[in-house]
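These features come from TrEMBL:
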| type | residues | note |
| --- | --- | --- |
| BINDING | 61, 336, 340, 377, 378, 452 | Zn(2+) binding site |
| BINDING | 61, 172, 174, 331 | Mg(2+) binding site |
| ACT_SITE | 111 | active site, phosphoserine intermediate |
């Protein structure tokens, strides 16, 4: 099928690499041995039915199966391996299921509807946060009486410490669903709200961050939604677009500090101050490193902004002091935003960084008492295609020609800003370096921003009651399963007859086969207005 002689991307170097790859893999005994190791690992696994003292919830925004697979290959290739056989931290989670992501009104969801589902346990409509599907997109008066609470609140009400860590603004859809109730995900500050909504008594998301739940750790971006209009940003004082946006004159950062009087509470906006925060003596932390979303990992200034690994570690070390445990949401939020821009390089590097944060989370917690979940909220239209050779760069080109006798990249998009047709022909990328961070993959259909896609996504789990996260489930099931495992919320059956001292913390294993390989190391429409608004979502 692969005509090596006619391919412009086939060369001697590629051929030599292919020939040298893993001679042992030509031996059937190698694959049989590997399979037996994996089989025995599964056979030796015993269910962990403990009560989950802690819940560590990692959400890769937009991290569909294609992104997951491609990031695995990139992670290995960044370590000078072929990549395909690389074991991601996520790969070591023994319990795996699929989640259906549709919202009540759309086949393909946004991050607000999905976050409400997996955090609040209730499916809802596109663009809405922390409300049921009885609420209408952008209509304030339909919000009242239809609010739903999240597992973060259930955990806080149970006496646990709670936190959110994100690479986006802390008012963005995913983190907002932990604490806010809003008929529109776009109401970041009062300046983003229509007068009618304010007159009807609705509150912006940033204000709800302080009002609704006493959150112990808040880490991400979003400074400009917290300060009065025109307030100069401490990092970018000359940038007009980075200045405060609030029309009500409130400085929510100062208000937060006042609210924490008598506690050891730190507000920081740069890495130097962040590093100086001692988690052992800190009760509360608010760290906002950018006016809006954080920088992509590939463009992050390590002297100014910590990595997602560092923010995850700081959050866990602060929260785990609570003897009753904690709930922490960690969002790799810019995976999604890179995909929207058609930039696979950025999306995959964000995913690799996210996987390292998961590893740090496992390192800092104990599996017998910590339920760790990894999942995506939805997928994207990125495709993995073209018969690339083993070990070929995941960001490179297929060794095949298309019928127009021009090359194409291994990763492409179904739609997005990469659509480029001139005089009925697509561009010739023979001499284009497709492996750079700024390259935008070609797409089949022109859209300003690549859309989400609607296939199921993976949920992976390890720790207490991880076996609940198997099979094909509705997305709202996730919140209820986590709550059951941790004995928070309304369903406390798992706690009956158990105490922390009576639970056996030994005698089980829940580790997948992680041995290193010899070859290197997934309401119907309420009105036409809802549809029109959905088409202009900034996700």
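The count begins at 1 with the first shown residue.
From the backbone N, Cα and C atoms, a Cβ is placed for every residue, glycine too.
Model, not experiment: these values are computed from the prediction.
Annotation: 61 are the recorded positions among 61, 111, 340, 378, 452 whose CA atoms are within 10 angstroms of the CA of residue 331 (Mg(2+) binding site).
Within 10 Å of residue 172 (Mg(2+) binding site), as judged by C-alpha distances, no binding-site residues are found among 61, 336, 340, 377, 452. The binding-site residues 336, 340, 378, 452 include none with a CA atom within 10 A of the CA of residue 174 (Mg(2+) binding site). Look at the Cβ of each of the binding-site residues 331, 336 and count the other Cβ atoms within 10 Å; the largest number goes with 336.
Annotated Mg(2+) site 61, 172, 174, 331; additional same-chain residues within 8 Å of its Cβ mean position, judged by their own Cβ, are 59, 111, 115, 166, 167, 168, 173, 175, 332, 333, 336, 377. Across the structure, residue 61 (Zn(2+) binding site) and residue 111 (active site, phosphoserine intermediate) are spaced 8 Å apart at their Cα atoms.
A C-beta separation below 8 Å, combined with a sequence spacing of at least six in one chain, links residue 378 (Zn(2+) binding site) to 62, 64, 101, 108, 109, 110, 111, 114, 452, 453, 454, 457.
The binding-site residues considered are 61, 377; of these, 61 has the fewest other C-beta atoms within 10 angstroms of its C-beta. When other Cβ atoms within 10 Å of the Cβ of residue 452 (Zn(2+) binding site) are tallied across all protein chains shown, the result is 24. Listed binding-site residues: 172, 340. The one with the lowest count of other Cβ atoms within 10 Å of its Cβ is 340. All protein chains considered, the CB of residue 174 (Mg(2+) binding site) has 27 other CB atoms within 10 Å.
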